[in-house]
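Trainee: Have a look at this one before I ask anything.
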Amino acid sequence: MSDHIQVIILGVVQGLTEFIPISSSGHLVAVRQILGLEDQGLMFDAVLHLATLLVVIIYFWRDWQAMFFALFAKNLTHRVKQSRRLIGLIMVTTVPAAGAGLLFKNFIDNDARSLLSVAGLMIFTGLMFILLERVAAVRKDILKLNFFDALSIGLAQAAAILPGISRSGATIITGMYHGLKREAAAKYSFLAAGPVIAMAGLYSLWQLFSNPQTVSWTNLGIGFAMALISGLIAVHFLLQFLRRHKLDIFAGYLIVIGLGLIVFSFI
């Protein structure tokens, strides 16, 4: 398989599964092992993170703009107070994932990437979707969250450093458990993803500077474009989908794919 085809596949998989709740890390592990795709290097990983970060910035530009200006506003209008509260919630949600990434990065990179591990966590995630969909009291908007709720969502985001647990899925379903409407839970999940994706990209760049590599700028450009375009499509699709539907279809997908990976790992 040519390099260009490989980076197209990896870019599309990253862009779609970073936001659709089916585990980007789990799919990347599975796709690389099943198709025998080559490791494209740290710069490629950093570029994919940059692309998905831009998806979050572009799609929710008005929210980021309001939060930025709220930081420097002198008049504490109702809108400024709301934006500052949202900043605080996102910061609280970010802390657990940042801590987990620092503490367990080596374990995740070296010991948690077997197909069986990914499969088991995908099945677990699917079952949690089914369970929590049925106990969640879906009734409120993002700014009705308290800081304990934000911390709980952050712990779910931290758990998603394990390949096979969907970051967006874990945070959406936890947000719903704390009373968020589905679409509001998805929006908060994507906003809270921004700092985490940025930190992951910066970590990849730091590793790259420590271990310089030769890169193909063409491959980087293709991967970036594929991740950006597919990511924008995924965010728009999921927000529209969750207005009318439950997460059950994603739960079924994760369980079926997880069982398939278990079978494949023994072939």
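In case you wondered, yes, glycine gets a Cβ from its N, Cα and C as well.
The annotation transmembrane segment is assigned in TrEMBL to 7-30, 42-61, 86-108, 114-132, 188-209, 221-242, 249-266.
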Trainee: Pairs of Cβ atoms less than 8 Å apart decide it: which stretch in 86-108, 114-132, 188-209 has the most with the transmembrane segment (249-266)?
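Mentor: Maximum Cβ contact count belongs to 114-132.
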Trainee: Which sequence positions outside the transmembrane segment (7-30), separated from its termini by at least 6 residues, show Cβ-Cβ distances below 8 Å to it?
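Mentor: Same-chain residues near the transmembrane segment (7-30) but 6 or more away: 37, 40, 44, 48, 51-52, 55, 113, 115, 118, 121-122, 125, 129, 160-169, 172-173, 190, 193, 197, 219, 222-235, 237-238, 247, 250, 253-254, 257, 261.
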Trainee: Going through 42-61, 86-108, 188-209 one by one, which has the most CB pairs that fall under 8 Å from the transmembrane segment (221-242)?
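Mentor: Comparing 42-61, 86-108, 188-209 against the transmembrane segment (221-242), the winner is 42-61.
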Trainee: Within the same chain, where does the transmembrane segment (188-209) have neighbours whose Cβ lies under 8 angstroms from its own Cβ atoms, ignoring anything closer than 6 residues to its ends? I mean 6 or more beyond.
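Mentor: Same-chain contacts beyond the flanks: 18-19, 41-43, 45-46, 49-50, 52-53, 56-57, 59-60, 63-64, 86, 89-91, 93-94, 97-98, 101, 105, 142, 145, 153-154, 157, 167-168, 171-172, 175, 180, 235.
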